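Features of the protein shown, as given by TrEMBL:
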- 6-86: domain 'Methylamine utilisation protein MauE' (DOMAIN)
- 7-25: transmembrane segment (TRANSMEM)
- 37-60: transmembrane segment (TRANSMEM)
- 67-86: transmembrane segment (TRANSMEM)
- 92-121: transmembrane segment (TRANSMEM)
Amino acid sequence: MTNIKKISLVILVIFYLLAGANHFYNPSSYYRLIPKYLPYPVALNILAGIAEILFALLLLLPKTRRLAVYGIMLMLLAFLPVHIQMVIDAPFILGTLAISPLVAWIRLVVLQPLLILWAWWHRR
């Protein structure tokens, strides 16, 4: 593994550890994003946080890295309804962030595919 890929992996692990922890430190910011048609927003938020932390830890071990990568990719696909709902609801304020229609579209069309590709790059 090249140094760039090692650094990228460390950043990816930290990113998902922090993202997962944030589901527990700031849960109310996530409840606003969960589409109303999905039941049990509190449970979904907890599951998302646990999944992000679990996948981050699984990335650390070469034997479980591939499982983590595919788990992250599936998780990001499962998050698509949230990003679609953001596009529908924009503009709105999320905590201290102003989510404009442009920001919501960038999250859906640019950020999500980049996050999926970033995880996929670490499958081997």
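A Cβ is built for glycine as well, from the same backbone N, Cα and C atoms used for every other residue.
A mean pLDDT of 97 is what the model gives for the domain 'Methylamine utilisation protein MauE' (6-86). Taken residue by residue, the domain 'Methylamine utilisation protein MauE' (6-86) breaks down under DSSP into 68 helix, 0 strand, 13 coil.
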